[in-house]
Amino acid sequence: MVEFPSLSPYWPLIRFLVPLAITNVAIDLGEQALNRGIATVKEDAVEMLASYGLAYSLMKFFTGPLSDFKNVGLVFVNSKRDRRKAMFLLVTAGVTAFVLHILIAYTDLGYYIINKLHHVDESVGGKTRKAFLFLAAFPLLDALAWIHAGILLKHKYSLIVGSASISDVVAQIVFVAILLHSNLECAEPLLIPILSLYMGALVRFTIVGLGYYCNIHDNIPDTSGLDVGGDATIKKMLSFWWPLALILATQRISRPIVNLFVSRDLKGTSEATEAVAVLTATYPVGHMPYGWLTELRAVYPAFDKNNPSNKINASSPVTKSHIKKFTFCCLALSLMLCFVLFWTPHVSEKILVDVIGVDYAFAELCVVPLRIFSFFPLPVTLRAHLTAWLMTLKKTFVLAPSSVLRIIVLITSLVVLPYMGVHGATLGVGSLLAGFVGESTMVAIAACYVYRRQVSSPGWTQQLLTVYPSSVGRGSLLIRSKQLCLS
């Protein structure tokens with residue numbers, strides 16, 4: 001009779017990740033709701049979708065680095081003093097992003113970035129800069145929510161984080177529906193998705209803020225004890241945050257770069273506007289089945305034995321081996337979802353028509369780009385799993401080169417593929433996939449480097465001799481080291 005291993009160690013992982021996965025999917029659904037708010041506008045819908053898509057993707061470049069304060073809260077915030085230091089860094093970065101938004105909206109810098117580089121006409125360029133101005137305060141509001149989400153995750157309150165994100169999306173959908181019946185549709189249609197975006201973020205910030213103050217604020221010390229290394233310094237937070245911020249910035253700038261090259265490749269014609277609109281519509285739909293895999297980055301730090309919330313329950317059955325197997329199952333599920341949604345005939349078209357509200361002819365243009373998205377889960381899972389391990393070790397500095405390689409591979413693909421007959425949205429998504437593969441490869445190399453440094457360090461050898469005093473010889477030590485690192 002076959003005996004199945006106990007599933008009990010996996011329930012904490014499932015309970016932790018499911019709300020985060022729902023969070024990620026909810027964000028994509030929110031994007032689709034915002035796109036629908038524009039697509040429903042009958043006059044110049046494609047032009048409006050392209051303008052909002054350009055502004056939104058540029059804005060995401062700023063929200064990306066700031067949203068990684070979630071990981072600062074997850075790894076570093078053990079006391080009220082740690083939180084104050086993290087908030088100081090966050091507000092400084094948010095104000096900087098606000099000023100840059102104003103400069104891009106009102107100066108020749110914005111005209112050059114949007115009109116000249118993207119080769120869009122005056123109408124699209126003007127609407128894009130206006131939308132970018134309206135979005136100036138969003139990065140700071142978004143980051144305030146994320147840092148408290150990270151603190152909640154540290155204490156395993158992922159359900160509150162997931163509920164906040166679902167409420168965010170519900171608020172966006174409700175406000176889109178309300179504003180579509182207002183005079184904004186005629187006066188300023190761009191404000192429909194933008195105001196809905198702000199209201200959703202405000203709801204999310206309110207929920208995670210209340211969750212923090214009701215469940216955590218009074219239960220953490222004013223200062224960190226020596227058992228967790230004392231209070232974190234601003235320097236340590238910065239050195240931990242900047243590689244993650246750089247990586248996320250390059251991930252977020254990838255979309256504007258893709259929009260830029262796709263638009264220039266088609267030389268600013270109506271086909272270029274259509275291609276950017278296709279990319280705007282396919283990004284959230286294609287991202288939905290695999291985007292939640294990124295949340296695997298939070299698993300290792302949350303279940304790390306050095307996490308103060310885990311020291312209370314030292315008998316937790318979750319091991320590194322359980323996390324690896326759980327990660328593989330998540331990958332398999334994501335691949336299955338991608339191939340069912342994007343390769344089953346007419347399913348992806350129906351999603352685009354029914355959810356976003358585009359016409360069927362436009363939806364058919366999105367089929368091939370969506371099928372390319374089916375291969376994204378592989379590099380995303382590898383990157384998330386290894387990044388989580390490096391975050392636990394606080395060795396994020398080795399991840400910085402991966403962002404550089406991602407941009408190099410992305411731009412190379414965008415330049416080379418048109419000579420092979422690939423154009424439009426297919427060019428954009430295919431180049432994104434190449435960039436993901438390049439980035440994940442570099443992350444794997446960085447993880448191998450850190451692993452070998454750990455194994456060869458004198459302290460590591462002493463730890464092995466302490467744990468396994470009967471082991472004699474280098475061969476036995478190497479075997480034991482693999483057991484400790486990888487099991």
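Glycine too: its Cβ is placed from the backbone N, Cα and C atoms.
In Swiss-Prot this protein carries:
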type	residues	note
TRANSMEM	7-27	transmembrane segment
TRANSMEM	86-106	transmembrane segment
TRANSMEM	132-152	transmembrane segment
TRANSMEM	159-179	transmembrane segment
TRANSMEM	190-210	transmembrane segment
TRANSMEM	326-346	transmembrane segment
TRANSMEM	362-382	transmembrane segment
TRANSMEM	407-427	transmembrane segment
TRANSMEM	428-448	transmembrane segment
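Residues of the same chain lying 6 or more positions beyond the ends of the transmembrane segment (326-346) and with a Cβ under 8 Å from any Cβ of it are 10, 13-14, 17, 286, 289-290, 292-293, 296, 299, 367, 370-371, 373-378, 381, 384-385. If one looks beyond the transmembrane segment (7-27) by at least 6 residues along the same chain, the residues whose Cβ comes under 8 Å of a Cβ in the stretch are 153, 156, 158-159, 161-166, 168-169, 288, 291-292, 294-296, 298-299, 302-303, 316-319, 322-323, 325-326, 330. Residues of the same chain lying 6 or more positions beyond the ends of the transmembrane segment (407-427) and with a Cβ under 8 Å from any Cβ of it are 250, 253-254, 257-258, 261-262, 265-266, 271, 274-275, 278-279, 282, 365-366, 368-369, 372, 434-435, 437-439. When Cβ-Cβ distances below 8 Å are used as the criterion, the transmembrane segment (86-106) is approached by residues 58-59, 62-63, 65-66, 69, 72-73, 76-77, 113-114, 129-130, 132-133, 135-137, 139-140, 143-144, 147, 234, 237-238, 241 of the same chain, each at least six residues removed from its ends.
If one looks beyond the transmembrane segment (362-382) by at least 6 residues along the same chain, the residues whose Cβ comes under 8 Å of a Cβ in the stretch are 46, 274, 277-279, 281-282, 285-287, 289-291, 293-294, 296, 327, 330-331, 334-335, 338-339, 341-343, 348-349, 352-353, 424-426, 428-430, 433, 436-437, 439-440, 443-444.
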